[in-house]
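One structure below.
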Amino acid sequence: MNKHHTLTKQKRKAGLLSIIPGLGQIANQQLSKGLLFLAITGLFAFELCVFGIQALTGLMTLGSVPGEDHSLFMLIEGTLQLIVTMIFLMFYIFNIHDSRKTAAMKAAGLEVNTTAKDMICHAGDKGFPYLFTLPAYIMMVFVIIFPVLVTLFVALTNYDFYHIPPNRLIDWVGFKNFLNIFFLGSYRETFVNVLGWTVIWTICATTLQIILGIVTALFVNQDFIKGKRIFRMIFLFPWAVPAFITIMSFSNMFNDSIGAVNAQVIPLFNHLPFVELPAIAWKTDPFWTKTALIMIQTWLGFPYIYVMVTGVLQAIPGELYEAAKIDGATFIQRFRHITFPMILFATAPVMITQYTFNFNNFSIIYLFNEGGPGSAGAGAGSTDILISWIYKLTTGTSPQYSVAAAVTLLISFIVIGISLIAFKKSNAFGNEEVM
């Protein structure tokens, strides 16, 4: 009973002293750690007084004097200070937990590291994984979390063509931009149209490139095919040429008036009996532009799937196919019950990332026809996907930065949500055996 009372008393004492970080550690005879914690606290307090309070105030007000206060800089600086403050709060909680834990160990008669040398050795031994990954976490904070927070805060403001700092101040407007996207007529119609085409584009282009990649891999890996190395090189050509050059070349080939498709390929087909094809409006008719985009992405994307599936096929034991042949299985049955499950099991995560990549595939949409032809409203073209619409919202004659930020967040929620569901449902992350 006395031992339990002593333990509780020591933990309470350490917790109270840890209200000022470092004092609890000093009370536990960990002088070096306590001084380090005090130094960190003092450094944060100094930073908070010199810069932090002003930055957090600026984040809340976004300035008060047009021409002098730069609202965007205040938002960015305040976000950075908010992250620094959150990191210190995590350190503060760790400080209390560490002090109480050490006090409990001492009260229980367990050995506690008190000298600087012992604590450094302990950190190098038990804390090596954390020290090794610390740079990655720091980079993640400033490369991922910081931009995401800035984007979120911009989406909650009225940052647009009429509110560009420092001449005009930015104001907080809450979730108005999100509500406008869903309920304001012009934005709602555009968002629905662009989102619908984005989904169609993602599903069609990605599925076709996956199917073509699997078919070509199966074709080349058949025993009766001779000159497999030549075929493998040929199928890699679309991947070897930079996508930028390929897209621009296709853009010229599909030109309505002087492109190779209308000027040479279609007339060549028209020499066949009973064939009379008119010139196709590849870049002036939205339907044919979308068709061309899907075909081009299929051409660009299938070599990657082909290479990946080829590796999987070569790893499948031949005995499985021999046993299936003895049992009388046809080629379709062997593919359905052996080949396809093996491919899906090994490549499902990569297949999912192909869909997420094409969902945000800005380059082909913009380079081929700049999102045209025609208009879907609110600055979007008839073939714009969400990511290219965001680009136009921020670079047009009347930029809408806050709306673009809101659409960016919606894209993130959609992609992350669908990806998490797909990854969770994928057997590639389970322990199931592929029969």
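The backbone N, Cα and C atoms fix where each Cβ goes, and this holds for glycine too.
The domain 'ABC transmembrane type-1' annotation in Swiss-Prot covers 195-422.
The transmembrane segment annotation in Swiss-Prot covers 35-55 (among others) and is backed by sequence analysis. Beyond its flanks by at least six residues, the transmembrane segment (35-55) meets 20-23, 25-26, 74, 77-78, 80-81, 84-85, 88, 91, 95 of its own chain at Cβ-Cβ distances under 8 Å.
Among the features that Swiss-Prot reports, transmembrane segment is placed at 73-93 (among others), with the record citing sequence analysis.
The transmembrane segment feature in Swiss-Prot is assigned to 136-156 (among others); the stated evidence is sequence analysis.
Marked as transmembrane segment by Swiss-Prot on the basis of sequence analysis: 199-219 (among others).
According to Swiss-Prot, the transmembrane segment annotation covers 234-254 (among others), on the basis of sequence analysis. Within the chain carrying the transmembrane segment (234-254), a Cβ under 8 angstroms from the stretch's Cβ atoms is held by residues 216, 220, 260-262, 282-283, 292, 296, 299-300, 302-304, 306-307, 363-364, 367-369, all 6 or more beyond its ends.
Positions annotated as transmembrane segment by Swiss-Prot: 293-313 (among others).
The transmembrane segment annotation in Swiss-Prot covers 337-357 (among others) and is backed by sequence analysis. Residues 202-203, 206, 209-210, 214, 218, 301, 304-305, 308-309, 312-313, 315-316, 320-321, 324, 329, 415, 418-419, 422-423, 426-429, 434-435 of the same chain, all 6+ positions outside the transmembrane segment (337-357), place their C-beta atoms under 8 angstroms from a C-beta of that stretch.
Annotation source Swiss-Prot lists transmembrane segment at 403-423 (among others).
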